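Novice: The structure's right below; bear with me while I get my questions together.
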Amino acid sequence: MDAPVPLSLSTLLELCTNLLQKSVNKSNGRFTAQLVHCRVIKSGLMFSVYLMNNLMNVYSKTGYALHARKLFDEMPLRTAFSWNTVLSAYSKRGDMDSTCEFFDQLPQRDSVSWTTMIVGYKNIGQYHKAIRVMGDMVKEGIEPTQFTLTNVLASVAATRCMETGKKVHSFIVKLGLRGNVSVSNSLLNMYAKCGDPMMAKFVFDRMVVRDISSWNAMIALHMQVGQMDLAMAQFEQMAERDIVTWNSMISGFNQRGYDLRALDIFSKMLRDSLLSPDRFTLASVLSACANLEKLCIGKQIHSHIVTTGFDISGIVLNALISMYSRCGGVETARRLIEQRGTKDLKIEGFTALLDGYIKLGDMNQAKNIFVSLKDRDVVAWTAMIVGYEQHGSYGEAINLFRSMVGGGQRPNSYTLAAMLSVASSLASLSHGKQIHGSAVKSGEIYSVSVSNALITMYAKAGNITSASRAFDLIRCERDTVSWTSMIIALAQHGHAEEALELFETMLMEGLRPDHITYVGVFSACTHAGLVNQGRQYFDMMKDVDKIIPTLSHYACMVDLFGRAGLLQEAQEFIEKMPIEPDVVTWGSLLSACRVHKNIDLGKVAAERLLLLEPENSGAYSALANLYSACGKWEEAAKIRKSMKDGRVKKEQGFSWIEVKHKVHVFGVEDGTHPEKNEIYMTMKKIWDEIKKMGYVPDTASVLHDLEEEVKEQILRHHSEKLAIAFGLISTPDKTTLRIMKNLRVCNDCHTAIKFISKLVGREIIVRDTTRFHHFKDGFCSCRDYW
C-alpha cells in the first residue's frame, strides 16, 4: 500500500484557512478551530498572519476571548485585523473593562475599532457611553460607517434623548448616508422611540429605497401614537410582510384597547400567510383574550400552543396565566405555575393570579400560594407586596418587604414602586426615604417607574423640592406618567402657574396628555382661580386630544367655578352634563355654597347628594355648617337632629404628625396623648403670643351657638393646632413640621398657623383634603385661596 503523499505547506495553509472560514458561524466552530490550531502548531504555520487571523476570528466569534488573546500574544506579526479581532472578542463577552484596556493599547484605531467599542457599550446597556465614544471617534478624525451609525442611533433610541438624536441625524446628512436603508431605518426607529412622529414621517417620505423594516417602523409608530387607521392603510399597501409586521399590528391594536381587531388580524395571519405565530404574537392575542374575557378563544390558543409543541415559557407562560386568571380560570393558572415554576414568571403574570383570587375574595389562597413556593424569587415577593398594596393592606406590605430584604432578596423596580405607593398612601416621609435609599443601593433609582413613584411619594409627604429632584433625574426618559405626577404635585402644593408651565412644556416636548393629566391641569386652575384658562383647557381636552370628559373632569370644573364664586355658572354646567353628576360633583357645589353662603343652592346640592348617598355625613355637616355660618342656628340644629335620628355619624376631624418614625394622632380637644399637659401649655403660650402679634380668633368658624370665650377655647384646641404644638416640643429648632388632616383646614386654623410660622421661625406644611398649605414667615402658599 502506498504511503500518503505529504501535503505541501501552501496546500495545508489553504486547507486550514478554508476550514476556518467555513466554520466561523457554525456550532462546531470552536472544535474546528482547536483541530486547526493543533495542526498549525505541528506544521509550523505560525508564520501565516492570514491563517492566524482566521483562527483568532473563529475563537472570537465563538466566545473564546482568552483563546483569541493567547493566540494574539503568540503571533510574531500582527495586522489591524488581529488587534480588532481580540478587541471584538472582549466586547462580545461584555467585558468592557478589558475591552477598554486593550483599546488603549491599539497602535492604530480605525472605524472597526471605534465601532466595536460602541457596539460593546450598547450591548450591555451603557448607551450614554456608546454615544460618547462616537463623539471621541469623530474628534479623532475617523469617519463612522453605516454600522457605527445604526448602533449609535439604537443607543440614542434607548436613552430617548431627542437632542442627541437630531445631532446624529445632521451628521448623517453631512456624510451623505441618508440614502442608506439601514441608516434610515435606524433613524425611523430613533424618532419613533423619542416620540417625534413628524420627523419619523419626514425620514420615511424621503427614503428612495424602503424595505420591510422601513414599513414596519412606520406601522409601529402609527400604533404608538394611536393612528390605527394610518397603520392599517400602510399594512394594506405592503407587498410583502414578515412576522414583525403582523406582530406590530396585533400588539398595536391590543395595547390600544382594540382587542377584537387584534384577534381579527391574528385570524387573517393564520388564513392568508405562511408564517407561524411566534411568542410575541401569542402573548398579544392571549392578552386580547384576557381583556375581552374570552376564555373559549384563549383555550383554543392554548391548545394550538400545546399541539404545535411551542415552548410554554417566558412571555407566553405569563400571558397564559394572565388570561386564565382574568377570565375566571384561576385554578388552571395555578396548575400552570405548579408545572412550570416561577423562574420565567413576570410580575404581571403572578399579580394576575393573585388578583384572580382576590377578585374571588380569597386573599388567603393568594397568601397560601406564596407561602407554598419553594424558591421565592423577586417576582413572587413583589407580586404579594403589590397585592397587599392594591388592597390597602399597607402594614402587611411593609412587613413583607422587611422580610424580603432581611432574607437577602434584592428588590426590583416593581417592588420599590409598590412600596413607594405604600409610603404615599400613609403620607410617611420616613418610610419613603428608606425606600428611596433602597432604590439607590439596588441601582433602580434611574428606573422611570421608581422615579415616578418617588415624585408622588414626596409630593404626598409634603416635600415638593425632593419631588422635583426625582423628576429632574429622568430628564431624557420621562413618560406621560412622569409629567402628570409632577403637574399634580405642583398643583397640590400651590404652584399652579408652574404646573401649567410644565404642562405647556410637556406639549412642546411632543407628549400628549391623558385624562389624568387634565385632572392635574384643572386642579392647578382651581387652586389659582384661573377660570378662563380652565375653560380653554377643558375645550382643548375635548377638541384637540379627543378625550371624552369623565365625572372627575366635570367635578373639577364645578369646583373651579364654585371656588371662584361663580355658583350660577357651576349649576348651569352641571345641568348641561351629558352624564349624571356623581357625589363628588354635587359635593363640590355644596362646598362652594358653604364658602360663599348660598343657602338656596346649597340645599339643592345637598338634597341631590343625599339621594345618591343617604348616609353621607359630609353632606349633612356641610349643610349644617352653611346654616350656622349664616346665623340660622335653628336650621343647623334640625340638620344635626336629623343626622342623629338617622344614625348618620359625622366624620371626626383628625390631624397627625410623624416624629421619630412614629405617627401621633390628635382629635379636637384631645386629652389622650401622654404629653397632653405640655402640649396644652405650649398651645396656650403660643395663643397668647400670636394674639399680641395681631391674631384675632375667628369665632365664626365655631359652628355652634356658644359663648365667645367657649368658642375661643374650642378653636385653640383644634386638632392641627395640637399636632403643631406637639411637633414644636418634640423636634429641634428650624425643623419643618408636616401635619396631615383628614378634613379641610378651617379659616381660623389657617390664619393662626400663618402667625405661628412667623412666631417660631419654622415652615409648617399642612395637607388637608384639598391641597398642601406651606406656611412660612406669616404667609401661606395658597395665598388664602383654598
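Just so it is clear, glycine is given a Cβ too, placed from its N, Cα and C backbone atoms.
Heads up, here are the entries from Swiss-Prot:
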- 48-78: repeat 'PPR 1' (REPEAT)
- 79-109: repeat 'PPR 2' (REPEAT)
- 110-144: repeat 'PPR 3' (REPEAT)
- 180-214: repeat 'PPR 5' (REPEAT)
- 242-276: repeat 'PPR 7' (REPEAT)
- 313-347: repeat 'PPR 9' (REPEAT)
- 350-376: repeat 'PPR 10' (REPEAT)
- 377-411: repeat 'PPR 11' (REPEAT)
- 447-477: repeat 'PPR 13' (REPEAT)
- 479-513: repeat 'PPR 14' (REPEAT)
- 514-548: repeat 'PPR 15' (REPEAT)
- 550-580: repeat 'PPR 16' (REPEAT)
- 585-660: region 'Type E motif' (REGION)
- 661-691: region 'Type E(+) motif' (REGION)
- 692-786: region 'Type DYW motif' (REGION)
Novice: Determine which recorded stretch among 79-109, 180-214, 350-376, 550-580 has the most C-beta pairs below 8 angstroms with the repeat 'PPR 7' (242-276).
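Specialist: Per the Cβ count, the answer is 180-214.
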Novice: Please report, as numbers and ranges, the same-chain residues at least 6 past the borders of the repeat 'PPR 9' (313-347) whose CB is under 8 Å from any CB of it.
Specialist: 279-280, 282-283, 286-287, 289-291, 293-295, 298, 302, 305, 353, 355-357, 360, 369, 373, 375-377, 379-380, 382-383, 386, 414
Novice: Please work out the helix, strand and coil residue numbers for the repeat 'PPR 3' (110-144) from the DSSP assignment.
Specialist: 26 helix, 0 strand, 9 coil
Novice: In the same chain, who gets a Cβ under 8 Å from the repeat 'PPR 2' (79-109) while lying at least 6 residues past its ends?
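Specialist: For the repeat 'PPR 2' (79-109), the far contacts come to 49, 52-53, 56-57, 59-61, 63-65, 68-69, 72, 116-117, 119-121, 123-124, 126, 140, 142.
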Novice: Below 8 angstroms Cβ to Cβ, which residues of this chain, lying six or more residues outside the region 'Type E(+) motif' (661-691), approach it?
Specialist: 428, 430, 652-655, 697, 714, 716-723, 725-726, 728-729, 752, 755-756, 759-760
Novice: Please work out the mean pLDDT for the residues of the repeat 'PPR 9' (313-347).
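Specialist: The predicted confidence over the repeat 'PPR 9' (313-347), as a mean pLDDT, is 85.
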